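Asker: Could you have a look at this structure, given as structure tokens, before my questions?
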2 protein chains.
Amino acid sequence: MPEWRKDPIVDRWVIIATERGKRPMDYKEIIEEKKSQDCPLCEGSEMKTPPEIIAYREPGTARDTPGWWVRVVPNKFPALQIEGEAVQQHRGVYDYMNGVGAHEVIVESNSHISGMNMQSDKQVEEIIWIWRDRSLDLRKDTRLKYIQIFKNYGSAGGASLEHTHSQLIATPLVPADIKQEIKGMKDYANRYGSCVMCDMLRQERAEQDRLVIEGNHFMSFSPFASRFPFETWIVPKEHQYDFAQIREAQVKDLASVMKRTLSKLSHMIKNVPYNMVLHSSPVNMQNETHFHWHLEIMPRLTLMAGFELGTGYFINPTPPEIAAQALRETEEVYPIRDEYMKEVRHYV
Amino acid sequence: MPEWRKDPIVDRWVIIATERGKRPMDYKEIIEEKKSQDCPLCEGSEMKTPPEIIAYREPGTARDTPGWWVRVVPNKFPALQIEGEAVQQHRGVYDYMNGVGAHEVIVESNSHISGMNMQSDKQVEEIIWIWRDRSLDLRKDTRLKYIQIFKNYGSAGGASLEHTHSQLIATPLVPADIKQEIKGMKDYANRYGSCVMCDMLRQERAEQDRLVIEGNHFMSFSPFASRFPFETWIVPKEHQYDFAQIREAQVKDLASVMKRTLSKLSHMIKNVPYNMVLHSSPVNMQNETHFHWHLEIMPRLTLMAGFELGTGYFINPTPPEIAAQALRETEEVYPIRDEYMKEVRHYV
């Protein structure tokens, strides 16, 4: 059984994941990247994953068989487990709790492709819809307080499988970084009577120099205090605290802005590894209506080393104004589109 | 001129380091590791670094010439600059400030060796003394509020030079992580009337299962909520808020405990990359006497990916009890000691 453990000094919880149980010896072997012939995420390999939680699939096809175009399964090596109580205990100065939570894999294509820029717009919309479906379903479990959706791309981004996928970890705690964001947004609203993210969008539109793409409903830009070279945020132009409030017109626009942004990134620096995280309001708590949900894309071109790990501050060698200009000037390229792009079937 | 920039939502400052000014093209080239023949940190290559700030050297030898055994120079590509005002400004929602601060390199040996475990105990003591000297000297500059000493080891640890060295970045701000630690330590003291770190040491000694080495003045152990596999902290047994308060007997013991801990780590997992950070009380402010200074060693065997970057929480696949046991059972090995270990000259 894994455990949640709290650092006794700061508000930092750690999952001690005994199910992944790495021993010292395990680190000496290099894990080779999986090849497509034994990829557990490809259509036809459904039995290589735990039983599916949900899939958008053709009518008449059975669970865990071919016929799907987006599919969600439990992580085979989950960091958290869904069973058990989420009750904090302590021994001396140390607090801990059962490793309760959910850890799921969203398979973003039935073909062995690696990136969102190889997908049709319609397929990217389907990915967003299934993110929303999982967010709405998981919050029925009142033990869960936060749903972290994220995507790791490339080995430097922490992806252990090449096949395009995102992940979801639902936690019985509101993470420290989210609490900080909520506090920052509330403090700003109390002081100025407006939303800091809405005000940022206004300023980005006025100053133009960090803007990457402006769609009808979403804006992508390099944040003023970018931690990473080419860090890019995608933010809804309308104030919305909960990602799951997203409407159909917004899904269409987000699919387009997200795909175009990632295409620019991947074309500018070939196959740049990145992490993309979706920050939304906590669930099963009083609504944090001051929150403004958004996506953060963090390319992994620099290492977080002693300074970053010691201080929580970052050194970024590329000013966001230069990053945004380079991204604006980069073509959107959709590699091997013809070869891989299948007709997208509709969710019925 | 570099710039400090504050994220408008959370208390997170970023150095926009224009002096390092990387453009998109710069990322496409892989930098090869420097070989010893053109190493700028070796004895005899003093002119390849900026002029030295301080060195422990033989009497009668001149600055920036051979004859030293520990040497401190400004970083050739500094993230911060010592000139200028540290005054916060703002434009719309964004706060920023001149990139004021200091960025120095501590060359830990005149020979081209890579690790602290290849040094004599006496030499490691000299490194600690020079860290203290720099900490005392830099705080004379009242603009500076925090002095972050750290060591990056191995390329996965962010070290771009193989020659053994540590670094120091002094900032006009108290970093977020340190503020969080101070707050955590103060809150605990207010609630329980004691120091949380002192209480942790007591509990670690009683429970034994996370203990690695106990010296006369320092203890090394795997913290209960370790973020990284084999994370190890080295903590003075006596309550001391400021690293620069360290006394001679403590320096001797710290040298021994630090070297033995790093030797165990490097022997257990050959040349494991790591970051080591020294957390101490801020300077030029009211003394934070509740603070308990310490060293954190973070081996870089896991990647920080979407979950960690999205939440500030960590997934650690190796329980600290297993890590500590493995470290206790690992021999301390001092590779190529005879070949490289020179007679250490005394600081006069």
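Quick reminder: no glycine exception, Cβ is built from N, Cα and C everywhere.
It should be emphasised that the depicted structure is a prediction, and the values quoted were computed from it without experimental measurement.
So TrEMBL lists the following for this protein:
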- B:4-175: domain 'Galactose-1-phosphate uridyl transferase N-terminal' (DOMAIN)
- B:Cys39, B:Cys42, B:His112, B:His163: Zn(2+) binding site (BINDING)
- B:His165: active site, tele-UMP-histidine intermediate (ACT_SITE)
- B:183-297: domain 'Galactose-1-phosphate uridyl transferase C-terminal' (DOMAIN)
Asker: Look at each of the recorded positions, B:His112, B:His163, B:His165, and point out the one with the fewest other Cβ atoms around it within 10 Å.
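Answerer: If we count Cβ atoms within 10 Å for the recorded positions B:His112, B:His163, B:His165, the smallest count is at B:His112.
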Asker: In angstrom units, rounded to an integer, how far apart are the Cα atoms of B:Cys39 (Zn(2+) binding site) and the residue listed as 'active site, tele-UMP-histidine intermediate'?
Answerer: 12
Asker: Through the lens of DSSP with three states only, how would you label B:Cys42 (Zn(2+) binding site)?
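Answerer: Looking at the DSSP assignment, B:Cys42 (Zn(2+) binding site) belongs to neither helix nor strand, so coil.
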Asker: Tell me the Cβ neighbour count for B:Cys42 (Zn(2+) binding site), meaning other Cβ atoms within 10 Å of its Cβ, over all protein chains shown.
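Answerer: Within a 10 Å radius of the Cβ of B:Cys42 (Zn(2+) binding site) lie 18 other Cβ atoms.
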Asker: Looking only at the domain 'Galactose-1-phosphate uridyl transferase C-terminal' (B:183-297), report the model's average pLDDT.
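Answerer: Within the domain 'Galactose-1-phosphate uridyl transferase C-terminal' (B:183-297), the model's average pLDDT equals 95.
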Asker: Return the count of C-beta atoms lying within 10 angstroms of the C-beta of B:Cys39 (Zn(2+) binding site), excluding that atom itself.
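Answerer: Its Cβ shell of radius 10 Å holds 16 other Cβ atoms.
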Asker: Would you list the DSSP helix, strand and coil counts for the residues of the domain 'Galactose-1-phosphate uridyl transferase C-terminal' (B:183-297)?
Answerer: 46 helix, 23 strand, 46 coil
Asker: Distance check, please: Cα of B:His112 (Zn(2+) binding site) against Cα of the residue listed as 'active site, tele-UMP-histidine intermediate', rounded to an integer number of angstrom.
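Answerer: Taking the Cα atoms only, B:His112 (Zn(2+) binding site) lies 10 Å from the residue listed as 'active site, tele-UMP-histidine intermediate'.
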